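Dumping what TrEMBL says about this protein:
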DOMAIN    25-473  domain 'Amidase'
ACT_SITE  79  active site, charge relay system
ACT_SITE  154  active site, charge relay system
ACT_SITE  178  active site, acyl-ester intermediate
Ligand code: GLN
């Protein structure tokens, strides 16, 4: 009998549609898997007690021959940055412990409407600040490939859930790489959509001009299926793009069978030399380029002279926006409130924020308020915004010459838990290659392209496309994925070591 948890979302959806498997069976299989392995992985902060009921409802509707969408009945993990009415939403912070939202994030509402079955909420760095999920107030998530290593961040929970076969689909958010970098270190696929392509309504804001919600899955097609569910205009998000989107699942299918690599111009950034990356990461990247070239792609060296300032600009813009967004956690409106006998409102507020926020959040609030202060605004925030414009121009010039840009997704494979936690700068530098896309608003995908020989851990490649050309990423990503699946005889994740308690 098939192990349901090993199926891709696309294959599971087919079996649900043909009624070979019921949604209750599929949901139960994933809940059992969570019960077996999540004690070790800790991908979930909360497991839904309504999942089986939601699945039974889909089964009932299918039996009644209702017209259900293509992924109805498939289980879904949801990053805890997205608010939900039936489960707590904490964004990985103590200040929101137990917080229940009065509404669902638009992406959650759309997922439910598409018949996806929420399994639970996944762990994350507090308010999505981090690259390792170690900044979660609820303890770290572990990488299913090696439990002593980080699953990436901030969306380590969603990536680990998918990599550990606890969920076939997950939602993440990406402000500077939090979908793509976790995908890279866990051997999964992650997509950061074009800014404005997916609603941010109900995504607890980190930095509003950078945040985007997107899919985390095991295959490119599965990301396309989930992206199709969540994409599209939302009147509740003023930055949401009103135009209709093509089907990303169709784009992935086209990429997997067609010859989209022939004549494709792939830009490689001159200013990101191989020496910036761990040897096995650079080697897997070069191998991918060679594979694409063998299929007729043209590798073109491009220059993006301002990418090297992206991390610096990001760590002014992000803290500035974050310090403003987090001001709403004031002990009055949401979440935690400490009792300060005889204290003033200000005493209560400051005691609550002191107890409720972790060290990384405090660091960024201090940085952000400083960067925005009257005396330093032009020197810091103003300059960073100018650099942002220069990076956007780098992209414009590059995309005048090439169809997509390719980079390794991150400098190294998964590092050890604890290795970078006391060194914020080295943590920040993880996002060297992912941050430029957020600053420019362009879409990006990361997909697995091999294991680094030196440590046997997964490596991803990142493709970037012009704004609104997300479908191109699905075509190109699926085309490269198909070459690897042929070579490997399956997915990279099939080679991950089995987890204790997960033996079937
Ligand atoms: N690691 C980056 C940061 O700490 C990205 C976070 C994100 O994308 N949410 O800001």
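Glycine is treated like the rest: Cβ placed from N, Cα and C.
Show me how these features fit into the shown structure, please.
Under the DSSP three-state reduction, residue 79 (active site, charge relay system) is assigned to strand. In sequence order, 121, 122, 124, 155, 157, 158, 170, 171, 172, 173 are the residues of the chain that are 6 or more apart from residue 79 (active site, charge relay system) and have a CB within less than 8 Å of its CB.
Taking Cβ-Cβ distances under 8 Å and a sequence separation of 6 or more, the neighbours of residue 154 (active site, charge relay system) in its chain are 81, 92, 124, 125, 128, 129, 130, 131, 133, 135, 173, 175, 178, 182. The secondary structure of residue 154 (active site, charge relay system), as reduced to three states from DSSP, is coil rather than helix or strand.
In the three-state DSSP reading, residue 178 (active site, acyl-ester intermediate) counts as coil.
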Let's check the environment of residue 178 (active site, acyl-ester intermediate): how many other CB atoms sit within 10 Å of its CB?
37
What average pLDDT does the predicted model assign to the domain 'Amidase' (25-473)?
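In the predicted model, the domain 'Amidase' (25-473) has a mean pLDDT of 97.
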